[in-house]
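Reviewing the structure listed below.
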Amino acid sequence: MNRRLDNQRVIRAPHGSDISAKSWLTEAPLRMLMNNLDPDVAEKPSELIVYGGIGRAARDWDSFDRIVASLRKLEADQTLVVQSGKPVGIFRTHPDAPRVLIANSNIVPHWATLDHFNALDKMGLMMYGQMTAGSWIYIGSQGIVQGTYETFVEVGRRHYNGDLSGKWILTAGLGGMGGAQPLAATMAGASMLAVECQPSRIEMRLRTGYLDRQAASLDEALALMEEAARTKTAVSVGLLGNAAEIFPELVRRGVRPDIVTDQTSAHDPINGYLPKGWTLAEWEAKRASEPKAVEQASKTSMVGHVQAMLDFHAMGIPTLDYGNNIRQMAKDMGLANAFDFPGFVPAYIRPLFCRGIGPFRWAALSGDPEDIYKTDAKVKELLPDNKHLHNWLDMARQRIKFQGLPARICWVGLGDRHRLGLAFNEMVARGELKAPIVIGRDHLDSGSVASPNRETEAMKDGSDAVSDWPLLNALLNCASGATWVSLHHGGGVGIGYSQHAGMVIVADGTDDAARRLERVLWNDPATGVMRHADAGYDDAIGCAEANGLDLPSLAR
């Protein structure tokens, strides 16, 4: 019996102001857990898979039911402990402590290999939590849209005089994260050709408005890119195919995209990447019966994929790894120069991290989109001079379809996050919003992750692999009063390659919530400034000084 499969269930988060838990502080994680498994949100909800290969919300359906039951009975001074998607304990703590503590996929470093994880996973002892899947704060593809948009805009600024009109981006992968790419590209003014091997993913992105259209062939897709470039219009096109075949074919034809990247689930060579020449049915069958053969075939295919990206890079085309660890997989298979093109964080995003700026997000527990529109207006009111952010919010309202509970992603940093959180809390208190707001972020943030092939690649002081920082981030968020805190391993780039922490906090309109919000939403981004200042980045040191951070090691 497969305890992870239930084709009969359809999970959706409750809407409205009536709650089934004892307070909003426990109703919030309950709704966000359920929201992660909404069919409009999750990639494979019947298997508890939210996104990112096999990133799950709960270990199995029995664990899901027990988590739900535990949250519904949890008292205001109790904390639920969740070990890799299974509820293992309820303890007496205090009202300002987190209501839920989550640890996912963590393995002692010597044993932190994909093989060992897969063995534990098969035994039912662990699950893969990705980043926001197992920490219950995934909001659909919107969760990464702005970060991807900001990256594309920065590429345009650096390489194309700030104008991406008439340019097109080649990429692959339209899953939960990669599915944000087409919309981010067109928002930035560029066209996109996105290769995807699974028809259901193309269909979902078309249905949710993240993708404009599908091409029937590579020739048609290229014709659409040429037409868009000629007319300087922005269009996103999905192409059913395998990137390991399409990318090299484009090199062979001499096709020159303007930007090249990739968001296939290469971090998981068994469950996330279709080997070259294989059918989906063959892949599905052999993942269970011959996982090592699948892994070998997938990683061999990645070599050709990455070599094509290297070829584009050699042509002078801006080419970037978007954090799926595909370069490492290719290098493991003997492609020595796989890292010759950069990752997106050191190339384009790190200056934001130095100022504690990252993917701040919130969701309306009421389920009413008007609550999000009202908070959008509040953000504009509080940050009147940030025209770039205003433009983003306007585009987001116009072009992003909500998946599950209405939510918003908005990159802001130290000094602004706590102000927004307090303002949202006041709106709840005054009855301007129909229910409380949950505020969280991706684990991809300035101070919450150690990932040498992504967020902490090429750190100035060589501290790429130091993972004390996400541990300290999680501990500080617990001490500060976050509503739930998570500590994960392997998100984004796969098992063995990252450690990262998440936090979520509820704005329920109370004075107690205001005190917690002020602490958490200051301290959380401040750890990012601290981490980058400690590594010697002048922007971070300046930000720390400007905000009065007390960093003893940098005292002059």
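Numbers here mean position along the shown chain, with the first residue as 1.
Placed from the backbone N, Cα and C atoms, the Cβ positions cover glycine too.
Quick look at what Swiss-Prot lists:
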- Cys410: active site (ACT_SITE)
- 52-53, Gln130, 176-178, Glu196, Arg201, 242-243, 263-267, 273-274, Tyr322, Gly492: NAD(+) binding site (BINDING)
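Counted within 10 Å of its Cβ, the other Cβ atoms near Ala243 (NAD(+) binding site) come to 30, all protein chains included. Of all the Cβ atoms in the protein chains shown, 26 others lie within 10 Å of the Cβ of Gly492 (NAD(+) binding site). The number of other CB atoms found within 10 A of the CB of the residue listed as 'active site', across every protein chain shown, is 20. DSSP assigns Ser265 (NAD(+) binding site) to coil, not to a helix or a strand. Counting other CB atoms no more than 10 Å from each candidate's CB, the binding-site residues Glu196, Tyr273 peak at Tyr273.
Using a 10 Å Cβ-Cβ cutoff, Gly176 (NAD(+) binding site) registers 29 neighbours.
Other Cβ atoms within 10 Å of the Cβ of Ser265 (NAD(+) binding site) number 27 in total over all chains. Spacing of Gly52 (NAD(+) binding site) relative to the residue listed as 'active site' is 22 Å (Cα to Cα, whole number). If you measure from the Cα atom of the residue listed as 'active site' to that of Glu196 (NAD(+) binding site), you get 27 Å. The number of other Cβ atoms within 10 Å of the Cβ belonging to Gly52 (NAD(+) binding site), over all protein chains shown, comes to 29. DSSP assigns Ala243 (NAD(+) binding site) to a helix.
In the three-state DSSP reading, Tyr273 (NAD(+) binding site) counts as coil.
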